[in-house]
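S.K.: If you scroll down you'll find the structure; I have some questions about it.
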Amino acid sequence: MTTITTDPQTASGDAPAARVIPLCSAAQSACATPLSIAENPCFVRSNDWVNAEYKHLVLSAPALALTARSGQFFHLACPASNDDTPYLRRPMSLYCVAPENQRIEFLYKVQGAGTRGLAQLAAGDTLDALGPLGKGFTLPDTTAGGHVLLLARGVGLATLAPLAHAAIAAGARVTAVLSARSPALMMSADYLRDAGANVIIVTDDEQTSDVVQVESLIRRVHAQQPITYASTCGSNRLLSMLQRVASQLGIPGEVALEQHMGCGIGACYACVRPFRKHAGSDELSYRRVCWDGPVFDLQETTSW
Ligand SMILES: Cc1cc2nc3c(=O)[nH]c(=O)nc-3n(C[C@H](O)[C@H](O)[C@H](O)COP(=O)(O)OP(=O)(O)OC[C@H]3O[C@@H](n4cnc5c(N)ncnc54)[C@H](O)[C@@H]3O)c2cc1C
Ligand code: FES
């Protein structure tokens, strides 16, 4: 059983104090660094459409939420709207964190009961964000002076955006290959360019996004400057291709997975999926995406 207490130390800025969730000693000892997870009461600063399908949610958040890293996520208690009453929380990747002004941000596709509820939020409303949750990206030691590839499609753009910032801050060159159905649905390109990434856009409408073309694009990018780490999110086809190319070229990498979730904190096993025991192995191990991930080694991940 988890107990919930109020930690006044986590109060900051405009947001009220987070309710810290103490974890059992087994959970703590399974992790290299101490875990802090809280129900963070956040205030909505803005919640605007960025295109016909996606909204950008900006929250004032308590201090603990501001420790979130790229690849981690929050489990959002989406409000009811019209006939929708989302029972479970919905997982959303961290899109941006700005500790200096107590801000966390999400980019989400409005598609079901949960995100329709999120879409109703307006400035001044409150939202409970459980987190930060999961294991984020781990940039390798070769990042300074290295070349980081981000390969994202759909909601994967939201997940990989903070990784671009982390890699650039660590001294890497970043190439972001962003894939979408149409130019109108492309997001984050300017945001990533402003961060210093070299952005390459491919779309279905322009017939530049099929796997064969993206593979040759990545091989060209690698030929210009060897890629030292590759990450992907948002497409099974791109994941399979990147696994193959990265394996051939000897590039280490990671993938951020999406999976239906219940608790989000490792307790219900709703998010279990098979992984290779290690890269190249035919033996499978079963892991919880919420707790052991959602970021996993590129070559240990099985496609779906
Ligand atoms: C770690 C993590 C991070 C995520 N980050 C983002 C994000 O940054 N932005 C974003 O828009 N979405 C993100 N998602 C996906 C989002 O959580 C789901 O789409 C969520 O179910 C939406 O809730 P809903 O009630 O609106 O839609 P639902 O009614 O739950 O689902 C709508 C449709 O999406 C499908 N679906 C639901 N959940 C998943 C899933 N986990 N994987 C694949 N298909 C699913 C359903 O089968 C259905 O077809 C993330 C998921 C995970 C696990
Ligand atoms: S969602 Fe409950 S264990 Fe992952």
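Using N, Cα and C of the backbone, Cβ positions are placed for all residues, glycine too.
Pulled these from TrEMBL:
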- R90, P91, M92, S93, G114, T115: FAD binding site (BINDING)
- C263, C268, C271, C290: [2Fe-2S] cluster binding site (BINDING)
- 37-139: domain 'FAD-binding FR-type' (DOMAIN)
S.K.: With a radius of 8 angstroms around the mean position of the C-beta atoms of R90, P91, M92, S93, G114, T115, what other residues of the same chain does the FAD site pick up?
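M.R.: Same chain, not in R90, P91, M92, S93, G114, T115, Cβ within 8 Å: F73, H75, L76, C78, R89, F106, Y108, L118.
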S.K.: Under 8 Å between C-beta atoms and at least six apart in sequence, can you list the same-chain neighbours of R90 (FAD binding site), or say none if there are none?
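M.R.: Result: H75, L76, C78, G114, T115, L118.
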S.K.: So which other residues, same chain and not among C263, C268, C271, C290, have a Cβ within 8 Å of the centroid of the Cβ atoms at the [2Fe-2S] cluster site?
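M.R.: Nearby residues not in the site list: M261, G262, G264, I265, G266, A267, Y269, A270, R288, V289, W291.
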S.K.: Quick one: give me the count of other CB atoms within 10 A of the CB of P91 (FAD binding site).
M.R.: 23
S.K.: Given C268 ([2Fe-2S] cluster binding site) and M92 (FAD binding site), what distance in Å do their CA atoms have, once rounded to a whole number?
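M.R.: C268 ([2Fe-2S] cluster binding site) to M92 (FAD binding site), Cα-Cα distance: 18 Å.
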S.K.: Quick one: among the binding-site residues S93, T115, which has the most Cβ atoms sitting within 10 Å of its own Cβ?
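M.R.: The most densely surrounded of these binding-site residues is S93.
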S.K.: Check each residue in the chain of C263 ([2Fe-2S] cluster binding site) that is at least six apart in sequence and keep those whose C-beta is under 8 Å from its C-beta; list them in sequence order.
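M.R.: Once residues fewer than 6 apart are set aside, C263 ([2Fe-2S] cluster binding site) is near H75, A270, C290.
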S.K.: With Cβ-Cβ distance below 8 Å and at least 6 positions apart along the chain, what are the contacts of C271 ([2Fe-2S] cluster binding site)? List them in sequence order.
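M.R.: The answer is Q259, H260, M261, G262, R288, V289, C290.
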S.K.: Tell me, roughly as an integer, the mean pLDDT over the domain 'FAD-binding FR-type' (37-139).
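M.R.: A mean pLDDT of 95 is what the predicted model shows over the domain 'FAD-binding FR-type' (37-139).
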S.K.: Go through C268, C290, the listed binding-site residues, and name the one with the sparsest Cβ surroundings, counting other Cβ atoms within 10 Å.
M.R.: C268
S.K.: List the same-chain residues at least 6 positions away in sequence whose Cβ sits under 8 Å from the Cβ of M92 (FAD binding site), in sequence order, or say none.
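M.R.: The list for M92 (FAD binding site) reads F73, F74, L76, F106, Y108, A158, given in order along the sequence.
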S.K.: Under a threshold of 6 Å between Cβ and any atom of ligand 2, which of the binding-site residues M92, G114, C268, C290 are retained?
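M.R.: Listed by sequence, the hits are C268, C290.
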S.K.: Looking only at Cβ atoms, how many others are within 10 Å of the one on G114 (FAD binding site)?
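M.R.: I count 23 other Cβ atoms within 10 Å of it.
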S.K.: Do any of the binding-site residues R90, P91, M92, S93, T115, C271 touch ligand 1, in the sense that the CB is under 6 Å from one of its atoms?
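M.R.: What lies within reach of ligand 1, judged by Cβ under 6 Å, is R90, P91, M92, S93, T115.
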